[in-house]
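Features as listed in TrEMBL:
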| type | residues | note |
| --- | --- | --- |
| DOMAIN | 51-475 | domain 'Ammonium transporter AmtB-like' |
| TRANSMEM | 51-74 | transmembrane segment |
| TRANSMEM | 95-114 | transmembrane segment |
| TRANSMEM | 134-152 | transmembrane segment |
| TRANSMEM | 159-181 | transmembrane segment |
| TRANSMEM | 201-225 | transmembrane segment |
| TRANSMEM | 246-264 | transmembrane segment |
| TRANSMEM | 284-307 | transmembrane segment |
| TRANSMEM | 319-338 | transmembrane segment |
| TRANSMEM | 344-365 | transmembrane segment |
| TRANSMEM | 377-395 | transmembrane segment |
| TRANSMEM | 423-448 | transmembrane segment |
Amino acid sequence: MADSLSCTAADLLPLLGGAPNATAAAAFLCSRFNTVSTRLADATLAIDNTYLLFSAYLVFAMQLGFAMLCAGSVRAKNTMNIMLTNVLDAAAGGLSYYLFGYAFAFGSPSNGFIGKHFFGLKEFPSPTADYSLFLYQWAFAIAAAGITSGSIAERTQFVAYLIYSSFLTGFVYPVVSHWFWSGDGWAGAAKTGGSLLFGSGAIDFAGSGVVHMVGGIAGLWGALIEGPRIGRFDRTGRSVALRGHSSSLVVLGTFLLWFGWYGFNPGSFLTIFKSYNYTNRSYYGQWSAVGRTAVTTTLAGSTAALTTLFSKRLLVGHWNVIDVCNGLLGGFAAITSGCSVVEPWAAIICGFVASWVLIGFNKLAEKLKYDDPLEAAQLHGGCGAWGLLFTGLFAKKIYVNEVYSGHPDRPYGLLMGGGGRLLGAQIVQILVIIGWVTATMVPLFLGLNKLKLLRVSREDEMAGMDMTRHGGMAYIYHDEDDGSNLPQFKMSRVEPGDTPTS
């Protein structure tokens, strides 16, 4: 912006004619004009960085949402354990992303595979990035780690959490984000040099693949290698529900995640003070695209929640708030890829299909005796993959050109008349994410398992890790120092069909 508003004395001299001191007057006017231009450029940077910081705070708030969702979805005897792992996802991820992760992801200039600058934020900030971008991307990295922790909850040793979380946020996730989000990445739509994948690059605006699929696939392999929780399937192979202990915490976590998603998706524009230069639509700019992205996010999640509500009512015969919350989050995970490049009506289709994707994968998991306490692999992995396909089908031409400028003939959604090249790039993204996460996380989980560092003992699992590994339960039902004869309370599960006792 400063360049377009700059001037020199030579520009003004012809306008001043032969007036006395014309050269001095022209120089004075230009100096004042350039000062205003510089202040405007500074204001633009300040506004954009403030917007990005605010978005980073929203995404970080999702960590609390994950913690509450996980806590409510596990049994009471493992509450302390799962909440501690969520805290350490953020803490361990903060250091690993600072030391290595950000550099691997956005350390330009670099090759198409991995970044190679800004380790430990050396020589930072740069002309292309400030500290606000680091904070925002760190919040994304720990979200991926949080997804994985849900898949392997209630049976995993604490040291394994620390190792996989650091590895995922410091290496596995950053490499994927470099491929699809960095200007140097080989497959992303934001690539700034060279040819694009299939002429379009893969569009994963806020991370249906980069964040959700990475976390979901990592969790899938961790849960498969560990095996199901004790009692999850009986001796005949029939599924046994090991219900979480608090629907209230699940709902609280879901609403916190919903709130944070308004930083996750709209915030991925990174800037807001940008005009699209339509002569007859001065009111329309990136600020409008940010608002549209928030609307598509809302509609996809809402549709998925309602679809799950009525579908599960037909399938199992009752209204289940846990299923509705998971359906809502599945809709959010799916729309995250194309939220900025699709119409609101298309977001409704995205959420409707995402609900059935989640239901279908849950049925498949049950048949295969796969145990994921939070349905994280099915929700984030399955719905994330659908979100990438959805973008390849419904991305609108004008929105694609606004968000990813510089290539006016870029392919767009197949069902919107843009051909199949974008859809092809989306399929490539799905395949390479599955391949990369499998190639990196499977050896890690197998190594931890071989060293007996992955799963807790049978005795510890039966007793609950809060008592055996963390020094006590998360909930205290009586004061241990109170010597009075107050009645003691014990929490027990009430299953459908139980007869109340008097």
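A Cβ is built for glycine as well, from the same backbone N, Cα and C atoms used for every other residue.
Note: TrEMBL annotation is automatic and uncurated.
Since this is a predicted model, take the numbers as computed values, not measurements.
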Feature contact check the transmembrane segment (159-181) with the transmembrane segment (246-264), CB under 8 Å, 3 or more pairs: no
Top partner of the transmembrane segment (319-338) among 201-225, 284-307, 423-448 - counted as Cβ pairs under 8 Å: 284-307
Residues from the same chain, set at least six apart from the ends of the transmembrane segment (159-181), whose C-beta lies under 8 A from its own: 85, 88-89, 92-93, 95-97, 99-106, 110, 112-115, 137, 140-142, 144-145, 148-149, 152, 187-190, 202, 204, 207, 209-211, 214-215, 218, 222, 429, 432-433, 436-437, 440-441, 444-445, 448, 453-454
Contact between the transmembrane segment (377-395) and the transmembrane segment (201-225) (at least 3 Cβ pairs under 8 Å, separation 6+): yes
Averaged pLDDT, computed only over the residues in the domain 'Ammonium transporter AmtB-like' (51-475): 94
Candidate ranges 134-152, 201-225, 284-307, 423-448 - greatest C-beta contact count to the transmembrane segment (95-114) (under 8 angstroms): 134-152
Top Cβ-contact partner of the transmembrane segment (134-152) among 201-225, 284-307, 423-448 (pairs under 8 Å): 201-225
